[in-house]
Amino acid sequence: SEEDMYRDEEEIEREKMLLCETNSSGYKLSVSPEMDIMEYCRKEWRGDTPAAKRMRKGYEAVAQKFASIRRIRGDNYCAFRATLFQALSQATQLPRWLQSEDFTMLPENLLSKYDWIKQWQLKQKPGKKMGEISDEIKEYLILLRKKWKNISEIKDPLEKQEACDKLFKNEEEEYSLYEALKFLMLNTAIELYNADKSGRRVPVFSWLLFARDTSSNPCQLMHNHLNHIGHSGGLEQVEMFLLAYALQYTIQVYRLYKYSTDEFITLYPNDPEEDWPVVTLITEDDRHYNIPVRMCQETML
């Protein structure tokens, strides 16, 4: 393909391997078992090209903080998968926004104000009208709250990790949670858009989000971006900010190809609220995300 002209054979082969990675039952692993981070780096980046050298330096920097890496399944949900897995792995309580009584009424409330939301598309159910599937979205939101609550109440770290691993091996539940996240992003986008139109202060990324020709308002954002996430595209940079705001989490990303620049460690949002929890991801190209695990003892102290 045209895109392949800009990628070497090793990179294309690595991506194929990631997409084909399966466990013994043939199910594609959503989150692979952990592996020593430098061992992973040596296996993936053996060459002497400038890009390989930069990646190795980047991984060495990450290894100062984290001991291991877990590979994330490489479909168009990988940003959701990496972020949600990290958030649940370290959850100790239910976030305030998940405790709201109105939380599960979001689909009904939004649909009563914005008729265009009927064009919302669910994964594997394109073409169904929102009036028919608002109950399904509600179920997904209830599932998100239930899973977050159950996992956050587990005190033993090993047991908590096992619960997360189990959840991300249940394909139906996993994709239901991503649909819930997409809908929360739409709700957040509508709130930010309305706040800006009424003269209230909004974060800078919100201007950038609605400055795009393809998303000058929430309706266009839904049609041209959110409806495609998981189908034909992943999250763009500006949408990583939107995800962070929807979850009220700071997403810290080691962007390895940006090693030795100011953008090597990027925060979404870059001016986070102090009380927002932080999750950490790794990317080599801003398209696919993996997760670092086992924070080094010195770092923890």
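Glycine too: its Cβ is placed from the backbone N, Cα and C atoms.
The active site annotation in TrEMBL covers D75, H288. According to TrEMBL, the active site, nucleophile annotation covers C78. Positions annotated as site 'Linear diubiquitin binding' by TrEMBL: E263.
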Spacing of the two Cα atoms, E263 (site 'Linear diubiquitin binding') and H288 (active site), in whole angstrom, works out to 17
Least crowded of the recorded positions D75, C78, E263, H288, counting other Cβ atoms within 10 Å of each Cβ, is E263
Rounded Cα distance in angstrom between D75 (active site) and H288 (active site) is 8
